[in-house]
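Inspection log for the structure reproduced underneath, given as structure tokens.
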Ligand SMILES: Nc1ncnc2c1ncn2[C@@H]1O[C@H](COP(=O)(O)OP(=O)(O)OP(=O)(O)O)[C@@H](O)[C@H]1O
Ligand SMILES: [Mg+2]
């Protein structure tokens, strides 16, 4: 059994004439935490959307958990065990915290197809437990997401991913809107996942955070993977040079 | 000192769980009370008559039940449609076809509800000649169900899978269904239903049917997966899709339910009136949307409730009946109705902007 969790080969995505992602070869090993860095518009989120089934790639293949996969929609990716905190969070503003946490996989009391009775108490209790685990502070669970701060929203999205993740978690700029304390909390969640051996892909612009948390850094530039750097063998300046294109690396495989 | 509890208040926020946000429906209810009070006051000042209370000396009652009954009877049929429209709007859509679906369903259903003998003579206007006379009531009911299902299903499939905006798709259905209603019996009315069919909309039956359906859909929207998904999709369709909700299938279901509810309204209306004609239900879609929006359902989707819509329907009925009470000319009533519809939408826009301002 190989220790590769996720692998992409020649993954490519075109939006009309825009080549947002070109020939991405990427590997993630069991228990590994990898950061994806790159300037705005470098194709990081595009890459995330291809491997989470939100979009269908133009070309290339994705291997997950030992077999080639073609996700028809995000549900299939989730069922396969990939959880994602999307950059836009994918929360419903008019719903409360438990409803957002269980969005798309609600607990039901009686199964009556689309008219299944919701287990509201069960979801509430599970939400409280999940939030306590992630040390997220939300004064009132019954409040709608609309009335929450950017950080609280982000915490709900992260708690959702952390609660349901089974094989792989992807976070697209999870601390972008967070304050100092909240960022530290999210980083603690990530360390916790590392200790548990959960593999993770972290998209981030925060150099300090990346060097604190991950084992490896993959740099995207103009839709291409331009560098694959072990943390011990690189430093901030080096990474910035790759991000800006001042330096290039001959890559056979981002592994 | 009141004790404040902080559930997860590490952030230094205190939160008193006993102090809750008042639901929107409370505002709608207050509006209802104020509007009734306004008519009461105007009536007393202008005509020395009461809107709400009984003033006839020969009747022993506190309230003017005759008027109150008329109000709820008046709104209950459009109210049934509004229950479906509520679900459509909460899930981020709109349905302009309900009035025409009422027309088409009423006339088609009525043609299967014909009695064989009218005052001992053969039914002079039987649509299919000697066929389909004196059918058991289940036959026209199934026909109505089929009509509502078909119209709703077509709406839903068009909107979900061809990505036509709901406004356009249901506008198409609005014109088409009205065409079907006219074509079915060449524009002539159909009367003479069987007794069992006529019983459906007799007396206060429309009100009973409306209330039962309102309770049913209130429970469905609040306590089932279907309800949760209506709010989720109306709130953020993209997020709902990313969470794995089958948005398309849900939309088909929502519009189908709306179509069936319009068909129920058609049955109740044609049975109550003992006749159906091609123009039946004209403009009901707008009345239903008005009731819904008055009741606090946001046209932007994601917000509102059946309770709100029922209150909205009552407000609608009170206003219409109030203007009759104030002896306002029928022409003015039309204009006022138009103003109510526009006003409700303006109010909704204002609410949305205020919500955005709060972030
Ligand atoms: N749906 C789309 N249609 C057309 N172009 C798109 C679409 N989504 C993304 N793009 C383009 O693809 C490129 C890569 O976008 P992407 O969102 O992946 O960037 P990113 O690396 O995540 O940037 P950021 O750091 O700002 O989040 C951009 O030029 C963007 O404009
Ligand atoms: Mg991005």
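Cβ atoms are placed via backbone N, Cα and C, with glycine included.
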_transmembrane segment range according to TrEMBL, out of B:26-47, B:224-245_ = B:26-47
*asked:* Between the candidate ranges B:5-23, B:252-270, where does TrEMBL place the transmembrane segment annotation?
replied: B:252-270
*Is the transmembrane segment (B:331-350) in contact with the transmembrane segment (B:137-160), using three or more Cβ pairs under 8 angstroms as the rule and ignoring pairs under 6 apart in sequence?*
no
*When only pairs 6 or more apart in sequence are counted, do the transmembrane segment (B:252-270) and the transmembrane segment (B:26-47) reach 3 or more Cβ pairs under 8 Å?*
no
_With contact taken as 3 or more Cβ pairs under 8 angstroms (pairs 6 or more apart in sequence), are the transmembrane segment (B:26-47) and the transmembrane segment (B:96-117) in contact?_
no
_Stretch among B:67-89, B:96-117, B:167-185, B:197-221, B:331-350 sharing the most Cβ pairs under 8 Å with the transmembrane segment (B:306-325)_ = B:67-89
